[in-house]
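A quick write-up on the structure given underneath.
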Amino acid sequence: MLFGARGGASWILVFLGNPGPKYAGTRHNAGFMAGEALAKKLGVKINRARWRALTATAELGGQKVLLMLPQTLMNLSGEAVGPAAKFYKVPPERIIVFSDEMALTPGSLRIRTGGSAGGHNGLKSVIAALGTDQFPRVRLGVGEPPHPDYDTADWVLGVPKGKDAELLADAAKRAAEAAECYVTEGPERAMSRYNRKA
């Protein structure tokens, strides 16, 4: 059953990152990487400009979904998500947000049905826009800086190398699979299958 308005999307999948070539491939853009992996899997291009985001519609398990890459800076991601959710009348429990997570080892995935932003400014912005923290999220592990004095902004805006890069690319592909599982089989199955360390 479709819940979206105007025959539109019944789910919104939001992939967080910073736009532009300067940020391509950085740890903070793990969400974008997951979006690109899912778009490739579904044979679509996320290139329609709308709601301060690049978007695409696709079918996932018989349901119409909106894929969204906000083109605001990370800290303003909610400015893209809020209007799209309102337009399609999609409830928060059907808005899945993908983001990077330093507290998880590189390549790990963690799916949750809600909860705090955990210090992630992109998630904080989405929570503010939706007026709730009860929406699902898929967090992709990027690991912590190598030592306590390392600036966390430099870390998340850095490009992973070697094994870490491979692990993040693999996590992006698994996050795309997890999205399909979540939409078609539900949160419990998705969490039991994909909540694991790299």
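Positions of Cβ are set from backbone N, Cα and C atoms, glycine also.
Per TrEMBL, the candidate among ASN121, ASN195 that belongs to the tRNA site alongside TYR23, ASN75 is ASN121. Within 10 Å of the Cα of ASP100 (site 'Stabilizes the basic form of H active site to accept a proton'), the following recorded positions from the list ASN18, TYR23, HIS28 place their own Cα: HIS28. Applying an 8 A CB threshold to same-chain residues 6+ apart, the list for ASN121 (tRNA binding site) reads MET74, ASN75.
Annotation note: ASN18 (site 'Discriminates between blocked and unblocked aminoacyl-tRNA') sits in a coil segment as assigned by DSSP.
Sorted by the number of other CB atoms within 10 A, the recorded positions ASN18, HIS28, ASN75, ASP100 start with ASN75, the lowest. Spread of the tRNA binding residues is 16 Å (greatest Cα-Cα distance among TYR23, ASN75, ASN121). Within the same chain, residues at least 6 positions away in sequence whose Cβ sits under 8 Å from that of TYR23 (tRNA binding site) are GLY17, ASN29, LEU157.
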